[in-house]
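Record features (TrEMBL):
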- Y23: active site, proton acceptor (ACT_SITE)
- H100: active site, proton donor (ACT_SITE)
- N74, H80, D87, L101, S102, R111: substrate binding site (BINDING)
- R18: site 'Transition state stabilizer' (SITE)
- 115-134: transmembrane segment (TRANSMEM)
Amino acid sequence: MITVHVLNGPNLNLLGQRESTVYGSTTLVEIERLVREKAGSMGAAITFRQSNHEGHLVDWIQEAGAQGAGVVMNAGAYTHTSIALRDAIAGSGVPTVEVHLSNVHSREGFRHRSLIAPVSLGVICGFGPMSYLLGLDAVHRAMVERAKQTNPSKH
Ligand SMILES: O=C1C[C@@](O)(C(=O)O)C[C@@H](O)[C@@H]1O
């Protein structure tokens, strides 16, 4: 079974009350419910976690890599600043899809640069909570393809 770790960075625990004109009114708990529902329908196992601390996110990326899991990552503001998250993704080789609720490219210039995009499979942004569902679908499909290539006889 394919396992995907959905990792959320700083301030995403405030969704629902935080800048609702930008991020909408859906809480992280509601996003988790939507993601679990979708994972269930796809037959994938997931974990869903949030931390305001960069080191926790680094640990969880390494854990996903060691388990052969995939990652859907909304790194929040660390997207734009964290060499540590980038190195964790690159170093563990974990297939990662970067997601954002907002369209970061229509916002302030400092949000246009992502340090983790170059080491991710791709980036999905601007679709609100649906970004997570698209991200889950994308990483799941990539992992299914990868498994087929590594072990063609099983598929
Ligand atoms: O915290 C966030 C949320 C965000 O990752 C998003 O989901 O749109 C976009 C980031 O620029 C911001 O720092």
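Just so you know, glycine gets a Cβ as well, placed from its N, Cα and C.
TrEMBL does not curate its annotations; it predicts them automatically.
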Message: Any of the recorded positions R18, N74, D87, R111 with a C-beta atom under 6 A from ligand 1? Give them in order, or none.
response: N74, R111
- prompt: 10 Å Cβ neighbour count around R111 (substrate binding site)?
  reply: 17
- request: Check each residue in the chain of R18 (site 'Transition state stabilizer') that is at least six apart in sequence and keep those whose C-beta is under 8 Å from its C-beta; list them in sequence order.
  value: N11
Task: Count the other Cβ atoms sitting within 10 Å of the Cβ of H80 (substrate binding site), across every protein chain shown.
output: 16
Statement: Within 10 angstroms of the C-beta of Y23 (active site, proton acceptor), the count of other C-beta atoms across all shown chains comes to 19
Message: If I restrict to non-local contacts, at least six residues apart, and a C-beta distance under 8 angstroms, what lies near L101 (substrate binding site) in its own chain?
response: L15, V22, Y23, G24, N74, C125, G126, F127, G128, P129, S131
- prompt: Using DSSP, would you call S102 (substrate binding site) helix, strand or coil?
  reply: coil
Message: In whole Å, how far does the CA atom of R111 (substrate binding site) lie from that of H100 (active site, proton donor)?
response: 11
Message: Just to verify a number: CA distance, the residue listed as 'active site, proton donor' to D87 (substrate binding site), in angstrom, no decimals.
response: 20
Entry from the binding-site residues list N74, S102 having the most other CB atoms no farther than 10 A: N74
Cβ-Cβ neighbours of D87 (substrate binding site) (radius 10 Å): 15
Field: Max CA-CA distance, Å, over listed substrate-binding residues N74, H80, D87, L101, S102, R111
entry: 24
